[in-house]
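Copying in the features that TrEMBL gives for the protein in this structure:
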type: DOMAIN; residues: A:142-207; note: domain 'Golgi pH regulator conserved'
type: DOMAIN; residues: A:277-446; note: domain 'Abscisic acid G-protein coupled receptor-like'
type: TRANSMEM; residues: A:6-26; note: transmembrane segment
type: TRANSMEM; residues: A:38-63; note: transmembrane segment
type: TRANSMEM; residues: A:75-98; note: transmembrane segment
type: TRANSMEM; residues: A:110-127; note: transmembrane segment
type: TRANSMEM; residues: A:147-169; note: transmembrane segment
type: TRANSMEM; residues: A:288-310; note: transmembrane segment
type: TRANSMEM; residues: A:343-368; note: transmembrane segment
type: TRANSMEM; residues: A:380-402; note: transmembrane segment
type: TRANSMEM; residues: A:422-443; note: transmembrane segment
Amino acid sequence: MSFLIDSSIMVTSQVLFFGFGWLFFMRKLFKDYEVRQYVVQVIFSVTFAFSCTMFELIIFEILGVLNSSSRYFHWKLNLCVILLILVFMVPFYIGYFVVSNIRLLHRQKLLFACVLWLTFMYFFWKLGDPFPILSPKHGILSIEQLISRVGVIGVTLMALLSGFGAVNCPYTYMSYFLRNVTDADILALERRLLQTMDMIVSKKKRIAVAHRTMFQRGEVHNKPTGFWGMIKSVTTSVSGSENLSLIQQEVDALEELSRQLFLETADLHATKERIEYSKTFQGKYFNFLGYFFSIYCVWKIFMATINIVFDRVGKTDPVTRGIEITVNYLGIQFDVKFWSQHISFILVGIIIVTSIRGLLITLTKFFYAISSSKSSNVIVLLLAQIMGMYFVSSVLLIRMSMPLEYRTIITEVLGELQFNFYHRWFDVIFLVSALSSILFLYLAHKQAPEKHMAL
Amino acid sequence: MAALDRVKVLVLGDSGVGKSLLVHLLCQNQVLGNPSWTVGCSVDVRIHDYKEGTPEEKTYYIELWDVGGSVGSATSVKSTRTVFYNLLNGIILVHDLTNKKSLQNLYRWSLEALNRDVAPTGVLVANGDYDREQFADNQIPLLVIETKLDQIPETKRNEVLTRTAFLAEDFNAEEINLDYTNPRYLAAGSSNAVKLSRFFDKVIEKRYFLRDGNQIPGFSERKRPISMRHAR
């Protein structure tokens, strides 16, 4: 009986998450596009719903809500469904939509989609070989095999995003790094841009006039097509068309210049806006936060280095350790069990919410930057795949932040994975990502004022 | 050939609707093989015979300025784009028949170019509810072009085309349906070609013949940063 109640609670919450994913998709991701294929929207929302349910189960674990056996059952069920989606459904649909974009293969869409999926499975399987992920006594299609590989990909993604985010966040928040931009600079650049456009226009006018006179004289403008056409054009080129091709080359160069100028002007406008924003109260608040985050970032890099160098994996989670410190050193006595439960709930809750929100924001930005009307379906499915893998590996890693008694269910359900390996891998990739982001941002920052000064 | 007079026409629309293809088709009479994203603005020139076939025939340059980006771009990109909206004489609005949102975004595009303030509601208004007064005193000729007609199945075409006819009425503009894979659509003598050259004639008239050669400054007062105004 209680199992039924528990299941109905789970199902209701899943429906809620599904609705949220649906809305997010419609309002934010596909703001500028029309949804032609509802399959994509459904898959995205389903992935989102099942990932959030996993986090919900962790919270229930800490709070002790629902029956323990029904929790275990739902864990297993959830995990199976998510793996099914991430390994079978989403890659297949990605292949299907990629194939439907290519006109040649339109006939046998399904066949080619299956071929693509099989290639994906092959590489996915091979991924497990170089890593000491699990003890070799499990069958081929067990949960552990699949989760271990999904975990590797997801942890890499998490560490990359986390490393870049840790460095980028203080860089964008702090106004120390803002370059000084005046209105005169912007006007000067705009003037250059318009001058370039005028030069392009006048050259194009010459080309158009030349075409028209050639057309009126009855000469047909033959573009050299194919191999023989090119050979012919070497020997029988008209002097007029040579002149034209020279002008055309100049036009191409000028167009490239105009694009550069446009991007630089947009950049200057953006910097000016940021300078104005930093003078407001909110801007000052973020500036202060930026200093705080930079200290945090340095500390994290330091800890990651220490972990790798000394081959250390934290045995106790921060909550228990914090409580130990307060009890032993500060001599404050309080009910350990009660407080550890609540504090770990809050801590884990914060981690979950910020990682979900951060991921959704990053995905949205990424989507706006690279999608077009043709590839929007494929990109959204890729994002759903990334999201699913990210959330699954968050569950793996979150195990570290929880006290021992709550870790058991994750260990039970996920089987005998080498969790320590994942933490080590996360530290390595995080370090690499953070250091290369610092290098990248340093170079970008250095290059910009030089370009600016050269005007 | 002596230097000809010129008019400037903007080509606006969402990303990916086919503006670059359109401009290339109008100016080079060929379909562009490998279109790529337009960064900033790309210009092309078409030579047009005003009042062709009559004794007043005169040749003009028509500059087609194809501005890239989307309505939802960052404000920095929008402020940079306004540089191109200077001294314009006509606007061609392009939208994609397979994507309803590109149709709705045309309102915002035209307002951006005509330099009016858009109401910050964020909710796109349905056809017919829109305030026509915004465009009532607009002096700049508009033309609406729809692309990707070939991708709409025959059965749905009527419904889609009636929808777009409303939009053209709202703008008080002509509309043209296009399909790039079929060059017949813009062939000389077809109704589309006639509409196009009528539009260009209207643009030229407004620019050169209605105010005795005085230049119409595009719109009332372009927004300029205050320091610039005082510097003059």
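Cβ atoms here come from the backbone N, Cα and C positions, even for glycine.
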So, does the transmembrane segment (A:147-169) come close enough to the transmembrane segment (A:422-443) to give 3+ Cβ pairs below 8 Å, pairs being at least 6 apart in sequence?
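Yes, the transmembrane segment (A:422-443) and the transmembrane segment (A:147-169) are in contact.
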Let me check one thing: do the transmembrane segment (A:38-63) and the transmembrane segment (A:110-127) come into contact, meaning three or more Cβ pairs under 8 Å with sequence separation of at least 6?
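When sequence-distant Cβ pairs are counted, the transmembrane segment (A:110-127) does not touch the transmembrane segment (A:38-63), since fewer than 3 lie under 8 Å.
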Sequence-remote contacts (6 or more beyond its ends) of the transmembrane segment (A:75-98), Cβ cut-off under 8 Å?
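Result: 37, 39-40, 43, 46-47, 50-51, 53-54, 57, 109-110, 112-117, 120-121, 124, 143, 146-147, 150, 377-378, 381-382, 384-385, 388-389, 392, 409, 413-414.
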Take the domain 'Golgi pH regulator conserved' (A:142-207) and count its residues per DSSP category (helix H/G/I, strand E/B, coil), listing them in that order.
59 helix, 0 strand, 7 coil
Quick one: average pLDDT across the domain 'Golgi pH regulator conserved' (A:142-207), no decimals.
82
